[in-house]
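**Q** To start, I am sharing the structure in question, which I have written as structure tokens.
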Amino acid sequence: MTRLLGYVDPSDPRFVAAILTITFNPLFWNVVARWEQKTRKLSRAFRSPYLACYSLGAVILLLNVLRSHCFTQAMLSQPKMESLDNPTAYRMGLVLLGVGSTFVLSSFFALGFTGTFLGDYFGILKEARVTTFPFNVLDNPMYWGSTANYLGWAVMCLLCAQSEM
């Protein structure tokens, strides 16, 4: 474990920003969604549960852009692991990105916008549980896909940063 910690600089402000956005984003959207479920204040403010859900979804997407930016900047500024400096590691990063993107995008298409962005907290429910791909392969495919995307991107960022040096 101590050997691995040599590859992380926790004092780097970009690393701290990445940790903060990674932590803040799900905390924010879960608190807001549960608040909406209990009070219906967003639905009343927007005069429509759909408009309120679309607005929260837009905020979540913007927060995800910020999180991805902070993550990328942190990866580019961290110490590099020479053992990952090879074409096989880069290809593995590409495979992880491909698999992750497949799970994320197919989850989105199966759930739709309101299903993806917490529509159930706004009273917007699907007629039946979604059991088609990717939900017939994995529980929580969007989370697993997102994790694979960030892992793949991390491996690829390590190699991109090394080639720029």
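Using N, Cα and C of the backbone, Cβ positions are placed for all residues, glycine too.
The following feature annotations were taken from TrEMBL:
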| type | residues | note |
| --- | --- | --- |
| BINDING | Gly98, Val99, Gly100 | S-adenosyl-L-methionine binding site |
| INTRAMEM | 13-33 | intramembrane segment |
| TOPO_DOM | 1-12 | topological domain 'Lumenal' |
| TOPO_DOM | 34-45 | topological domain 'Lumenal' |
| TOPO_DOM | 67-93 | topological domain 'Cytoplasmic' |
| TOPO_DOM | 115-157 | topological domain 'Lumenal' |
| TOPO_DOM | 157-165 | topological domain 'Cytoplasmic' |
| TRANSMEM | 15-32 | transmembrane segment |
| TRANSMEM | 94-119 | transmembrane segment |
**Q** Taking Gly98, Gly100 as the binding-site residues to compare, which has the smallest set of other Cβ atoms within 10 Å?
**A** Gly98
**Q** For the topological domain 'Cytoplasmic' (67-93), what are the DSSP-based totals of helix, strand and coil residues?
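**A** Going through the topological domain 'Cytoplasmic' (67-93) residue by residue, I get 21 helix, 0 strand, 6 coil.
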**Q** If I take every residue in the topological domain 'Cytoplasmic' (157-165) and average their pLDDT values, what number comes out?
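**A** It averages 56.
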**Q** Using Cβ atoms and a strict cutoff of less than 8 Å, what residues sit near the topological domain 'Lumenal' (34-45) while being 6 or more residues removed from its termini?
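**A** Apart from its flanks, the topological domain 'Lumenal' (34-45) reaches 52, 55-56, 121-123.
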**Q** Enumerate the residues of the same chain, Gly98, Val99, Gly100 excluded, that satisfy the criterion Cβ within 8 A of the mean position of the Cβ atoms of the recorded S-adenosyl-L-methionine site; list them in sequence order.
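**A** Other same-chain residues with Cβ inside the cutoff are Val95, Leu96, Leu97, Ser101, Thr102, Phe103, Gly145, Ala148, Asn149, Gly152.
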**Q** Let's check the environment of Val99 (S-adenosyl-L-methionine binding site): how many other CB atoms sit within 10 Å of its CB?
**A** 15
**Q** Residue counts in helix (H, G, I), strand (E, B) and coil for the topological domain 'Lumenal' (115-157), per DSSP?
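**A** Taking each residue of the topological domain 'Lumenal' (115-157) in turn, the totals are 23 helix, 0 strand, 20 coil.
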